[in-house]
Amino acid sequence: MDISKGLPGMQGGLHIWISENRKMVPVPEGAYGNFFEEHCYVILHVPQSPKATQGASSDLHYWVGKQAGAEAQGAAEAFQQRLQDELGGQTVLHREAQGHESDCFCSYFRPGIIYRKGGLASDLKHVETNLFNIQRLLHIKGRKHVSATEVELSWNSFNKGDIFLLDLGKMMIQWNGPKTSISEKARGLALTYSLRDRERGGGRAQIGVVDDEAKAPDLMQIMEAVLGRRVGSLRAATPSKDINQLQKANVRLYHVYEKGKDLVVLELATPPLTQDLLQEEDFYILDQGGFKIYVWQGRMSSLQERKAAFSRAVGFIQAKGYPTYTNVEVVNDGAESAAFKQLFRTWSEKRRRNQKLGGRDKSIHVKLDVGKLHTQPKLAAQLRMVDDGSGKVEVWCIQDLHRQPVDPKRHGQLCAGNCYLVLYTYQRLGRVQYILYLWQGHQATADEIEALNSNAEELDVMYGGVLVQEHVTMGSEPPHFLAIFQGQLVIFQERAGHHGKGQSASTTRLFQVQGTDSHNTRTMEVPARASSLNSSDIFLLVTASVCYLWFGKGCNGDQREMARVVVTVISRKNEETVLEGQEPPHFWEALGGRAPYPSNKRLPEEVPSFQPRLFECSSHMGCLVLAEVGFFSQEDLDKYDIMLLDTWQEIFLWLGEAASEWKEAVAWGQEYLKTHPAGRSPATPIVLVKQGHEPPTFIGWFFTWDPYKWTSHPSHKEVVDGSPAAASTISEITAEVNNLRLSRWPGNGRAGAVALQALKGSQDSSENDLVRSPKSAGSRTSSSVSSTSATINGGLRREQLMHQAVEDLPEGVDPARREFYLSDSDFQDIFGKSKEEFYSMATWRQRQEKKQLGFF
């Protein structure tokens, strides 16, 4: 096969090939996400511009089905190698095994992966055609990354901890195990809808959900007609095999080289790893706790070594006794994945050619423009600034485990022995928003820290649960926190008195001033001795009679200007400027005599070049479990989830409005930092963000953001339980199901008869379980339209329906579906689409259009 002819080049997107008769053939796009167990696949993902992160690599995956033979594997391996040769060194290679795919791989297929029986590529036709004469049972597993596997059509396949989908062509019944979480149910439902929409001609199938068997007798009757009567109890839930963060933190780096005819694998280092351990002429294996094996190839390594990368990784896996399905990722020098880079303490893109100036480096010296920060979230995220700090500020000090207000005159004067709450109020695009900073002093007690959190919760309740909460550790204050106090943040090494005043422990005190403007200056008290000095900074030495301003040789004019602002906060005594090297004797006497101190010029702090990463959080047996979401977008934020966004300088924890474990969020963030293989600082700020109240510093990390995305979506409970928000659609479903033709029902006659009889049962019982099918929206029960049957045929006039109060509508018109009574021509004219097209859209999008056009 001529690879170059079939190669999509660097065109962005996803491209998939399947093994067939010892060769690889393209998979039609409509079949993406479906994998046949007796085949191997090659998947190429090329980042799409402008979404792609600058310098992002392509990913090339080799996927092996559980039943794949040697011929299929050989064809896929050879094809992948030839693709790699065509693409060059900017490609990350992956080996994937069915049921154990990497997070990167799973991120391509939303809402889930379908594993199918069969071994012929012709089976792909089953994915693309609209067959309704089908009976199959799918076992659905997973939280963020969902998969569905075809299993035996029997009750023996069921267990209490998973979700099962009985697909009968014209009807799909999702059975939720009693031990499944609300998040798993919602994800399962999303996959069910996706299957229905892709495989049933855009949605021509009803969906039923069994959450409680006792409350869904009709659906259970259908299931028993197909599966037979269940004998005995269900199997217990299968224990989860999730890999927790402690396991992932067990990282070891090995140097792999040849010595004569032997291959030597030498353990080189354990965390924290540094980038300089990797030499460009060598070959390395990085073992992440047996969970994943990375192979790093230096740019000067031999062609033979690079071609042997996978075989060496497989040999390493066998030697370690790891499972054969262990994931393998091969990265090239200069094209490392984000996951690989974050296994190292720091990572510099020193080898990247013609690198443009990064947003943060370029912008940090630019004067802040509040308007741009409000309208350009990406800039706000890079600078970590929601505005210039000129909003309203309220401060409380935690004393006697309660919050005490701090006099505004003393705002910005914090004590290391205390904890503080700082509430910042600002406006963005006409909307009031809040940030609550939880500042923790180094000398604060455990009880005070606990009181800090409980008082923050009380404030959040007082403000209706809309506060963004940022946990800040003394000395690691984020830029916006510093900007709030306009360069006058001073941290005293003491405890605050009951009136918010510092209780002085000494008459001689030394303060270090660091910063060049009102947005980055911090002043901290340090031990009053000569060894605390540093030539790069300015120090204020306060004695009983005078306040010395000591200017180190490495400081500049901006630093001196800020020091003169700070000195007015610290002391009212006479000021005396002292240049390094020209100190009077009394200066050294106050410090207890001369002593060595750092005198070399401080190098600029290097800004880490790590890409942001998004994870779904959960826990297993008390340990944090993360599932990474590659190529993330706002669509990946689900109301039932807690998501962790790691931007390296901050950790955001996004709390979905229906998340059940939100109280664990901060602890999860702390555990994430503690167990991170790169040895992250535990003082990294942790920010709690509530769904619907995201600040621009969070929004800016997403390519696009829709602030109204969640305003019209029905909840999972509304959909399943038939709450008022979905009640009007349930009768429509019942009406359509009542009109199903027995001849179109799949399976034998008895099953069809039982199913039809069950579905013709009382509407009361089905209302709790049947989920709306968009195609059914044009149907009505006879009782609901009897009074308007005459006018429906011709349609009501638009002025009778648009912008009308409920009491002003014609008799018999359903207020929730008033648009339905328009004539077909009026409907097309107003909505720009036919009724069939309109009712095939998602419910929330229908509501949105109806609101805009006056039909709500």
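Each residue, glycine too, has its Cβ placed from N, Cα and C.
Feature list (source: Swiss-Prot):
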- 22-74: repeat 'Gelsolin-like 1' (REPEAT)
- 146-186: repeat 'Gelsolin-like 2' (REPEAT)
- 263-307: repeat 'Gelsolin-like 3' (REPEAT)
- 401-450: repeat 'Gelsolin-like 4' (REPEAT)
- 521-561: repeat 'Gelsolin-like 5' (REPEAT)
- 624-665: repeat 'Gelsolin-like 6' (REPEAT)
- 762-796: region 'Disordered' (REGION)
- 776-791: compositional bias 'Low complexity' (COMPBIAS)
- 790-856: domain 'HP' (DOMAIN)
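Beyond the ends of the repeat 'Gelsolin-like 6' (624-665), by six or more residues, the same chain brings 47, 51, 103-104, 106-108, 110, 143-145, 181-183, 186-187, 242-245, 339, 342, 381, 384, 478, 608, 610, 612-618, 671-673, 675, 684-692, 694, 697-698, 701-706, 709-710, 713, 715-716 to within a C-beta distance below 8 angstroms of the stretch.
Summarised by DSSP class, the composition of the repeat 'Gelsolin-like 4' (401-450) is 8 helix, 27 strand, 15 coil.
In this model, the repeat 'Gelsolin-like 4' (401-450) carries an average pLDDT of 96.
Mapped onto DSSP helix, strand and coil, the repeat 'Gelsolin-like 3' (263-307) counts 8 helix, 20 strand, 17 coil.
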